[in-house]
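Going by TrEMBL, these are the annotated features:
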type     : residues : note
COMPBIAS : 1-30     : compositional bias 'Polar residues'
COMPBIAS : 41-58    : compositional bias 'Polar residues'
COMPBIAS : 507-534  : compositional bias 'Polar residues'
REGION   : 1-59     : region 'Disordered'
REGION   : 496-534  : region 'Disordered'
TRANSMEM : 63-84    : transmembrane segment
TRANSMEM : 104-124  : transmembrane segment
TRANSMEM : 136-168  : transmembrane segment
TRANSMEM : 180-200  : transmembrane segment
TRANSMEM : 318-341  : transmembrane segment
TRANSMEM : 361-383  : transmembrane segment
TRANSMEM : 438-457  : transmembrane segment
TRANSMEM : 463-485  : transmembrane segment
TRANSMEM : 563-580  : transmembrane segment
TRANSMEM : 600-620  : transmembrane segment
Amino acid sequence: MTASKQGDKPTYTSFSTLLRSPSNGGSSSTHPDRTLAPSRTPGSRTVSPTPPSRTKASPRSRLSIWSMLALTVSMGGSQIAWTVELGYGTPYLLSLGLSEQLTSLVWLAGPISGLVAQPLIGAISDSSNSRYRRRYWIVMATILLVLSGLGLAFTQPIAATLVAIFGGGQGSWDPKTANLVRSTSIAIAVTSFYCLDFALNGLQASLRNLVLDIVPGDQLASANAWHGRFNHFGNIVGFTMGFLNLNHVPIIRLVGGGQFRKVCIVALAILVLTVWITCWTQEEVERNSPFGRRSKVSDVISTIYEAVLHLPKPVRRVCIVQIAAFMGWFPYLFYSTTYVAHVMADELGHEPDLDKATRAGSLALLIYSFVAIVAGTLLPYLASRDRRLLGAIDAGGETDDEEADLEQIREQVRQWKAESARHGKPLKLPTMPFMLRNIWTAGLLLFAAIMASTFFIRTVWQATVAIALVGICWAIACWVPFAIIMEFLKEAEDSSSTEIRPRPPRLQSQPAVSRSQPTSPVRPNERTALTRSWSTADIEGQDNEYTGSGPVAGGTIMGIHNLAIVFPQFIIAIVASLIFKWTDGTDTNAEYSSKPGVAWVLRFGGLMALIGAVISRKVPPTKTEKAMRRRLAEMREESED
C-alpha cells in the first residue's frame, strides 16, 4: 500500500467532520491530506466518496487540535477508572472481609492482565481489515469495564440477591446466610477486579493503537503528549473525587451505598462519555489486511512471536530502556506514600498518627499530580516541530521529491533573505527542537537525582518537594517513550509498504566535504543540523528496519512494549523483599521508625533509572528528526550563498 494525495478541501457537514478539519481552516493546499490506496500511478489522485453526514478520516490526514482532543480524551476517562481502583480498591476489599494476604494476590491482576491482554488484543486487531478494528475492542473493553465496575459498586446487594434466589440459611438473621453473603461478595469483588484490570489494559492498548493508525508521523509526539496530559488530569479528578463528599450530590446520592459506590458510578459515567466522543468523532480506514484473516489462536500467537523475533532495533532498544526505567518507577509508585510516613516518624522521633501520616502522603501525591499535568502541558513545546523544517517530509521521514524539496528550500531562503533585507534585520532561520530521546534521558537523570536525594531528606516538607518534582519525570515517561516507538513503527510500516526512492546524488552518502573546510569534515552533535555531505545512515546507523517476513504488526509491537513496562513489577517484588530483609531485618515492633528499607528501595530505583538513561543514548533519532536536521543544514548552506 502506498500513500496517495488528496487535494480536495473537506466539506464541513457535521460536528465530526469539523473536528477532523485542519487547524488552518481546512486548506488542503498547504497541508495535503494523505490516504491509503491500493496503488498509485505517478501524478494520479484518489478521492474516496464520503457520505454527506461524515467525512472519513484518513490515517495520513493532519489532525486539528479539536480532533486531537477528541481522539485522546478517552485516555483521561480510563485513567480515572485506574485511579479509583488503585486508590480505593484495597480498603474496599478489606472492608468485605478479605485478608491482607489474599488482597496482595488480587493485585496480581494488574501485571498478569498487562502481560496477556495488550499483546493479544494488538495481534488480533492487527489481523483485521475492518474499519472498526481498533474501535471494536475499545467498545468491547468499555462494556466489560462498565459491567465489572458495577459489580464492584453493588457487590453486596448482588451477593444478597444471589443468596436469596439460590437459597442458603433461613434469612438475614441466620449466621449461615450472613457467611454466604460475605463469601459471595468476596468472590464477586475479586472476579470484578480481574475483569476490570483486563478491560482497562485492553482499552488503553486499543486507544494507543488507534492513535498509531490515525495520526500522521509528525504529529505522533503531540498525540502522545495529549495522552499524557489526560492521564495526569484523570489522576487529579480521581483523587479529588475521593476527597469530596458525594452523599450530598442530588443525583448521585440516589444510588445509595457508601462513598466507593458513588465514586465508581461517576468514574464509569465519565469513561462512557469520553469513549463515546472518541469512537463517534474518529473513523478508521478499511484496509486489506496484509496478514490475512487470522482467526485461530495459533495464528495470533504466531503474529506475536514474529513481532518479538523481528523487533526493529530502535524499538528493541526502547523496550530495554523501559525495563530499566520501570524498575525505577515501580518502587516509587508502590512506596512513595510510605516513604513520607517514614520521614515523618524520623522527624518526630516516634510513631506518627496513622491518619496524619496517610494525609501527608496523599497531599504529596496530589501536588505531584498537579506538577505532572503542568509539566505535561509545557514540556512538549521543547519538541515542537517547526512546519518549515518538516516541509514535504512524509510520515516515514522522507520527502516525495528530493530535488523539488531542495528547490523549495532555495526559494524559501531567498524569500526570507529579501524579507529580512526590507526590514533591515538579520536572517533568522528555524531552530532545531530538542530530540525526544534527549528529553527522555534528561527525565531519567532527574529521577535518579531525586531518588539519590533521599540520603539528605530529613523533614516531611523536603520529602513532599522531592515527590512533587518526580511529577516532571512522570510527565516525560507518559509521553516520550510512546511517541518514539510510534514514530519508529510508522517508519517501519512505510518502509515495508513503499518502494525505496533513489536519493539525488547531492544527498547520497559520499566522503565528508565542507565548503569552508574541504579536508576537515566536522561531525555534528545532537542539536546541530546534519551537513549536506554526511549521510544520516553513516552517523546514526541504518539497521532500523523491520526484518520480519510480513509487514509491521503495530498493535502487536505496542503490546510487546507494554510487556517491557509490566515485567519489571515481578522483579521489583523480589528485589524489594530482599532489600527489606537486608536493611530492616525481622524487627516488627516499630512500624515506621528505624526502618530505612523503603528509602533503600527508592535508591535502587534511582540506580536503575540511571542505567536506563545510559541505555537511552543508544536509541537513534527518528527519520523525521534526521530529515529535519538535513533540511536545516540545507537552509544554512543556502543562506551563506
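Quick reminder: no glycine exception, Cβ is built from N, Cα and C everywhere.
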Long-range neighbours of the transmembrane segment (438-457), counting only residues six or more past its ends (CB under 8 A): 321, 325, 328, 332, 339, 343, 379, 382-383, 463, 466, 469-470, 472-473, 476-477, 480-481, 484, 526, 599, 602-603, 605-607, 609-610, 612-613, 616-617, 619
Determine which residues of the chain contact the transmembrane segment (318-341) at the Cβ level, with the cut-off under 8 Å and only residues 6 or more beyond its ends counted. 311, 352, 357-358, 360-362, 364-365, 368, 440, 444, 447-448, 451, 454, 460, 463-464, 467, 470, 474, 477, 481, 484-485, 488, 560-561, 563-565, 567-569, 571-572, 575-576, 592, 598-599, 601-602, 604-609, 611-612, 615-616, 619
Long-range environment of the transmembrane segment (361-383) - Cβ separation under 8 angstroms, sequence gap at least 6: 221-222, 225, 228-229, 231-233, 235-236, 239, 336-341, 433-436, 439, 463-464, 467-472, 474-476, 478-479
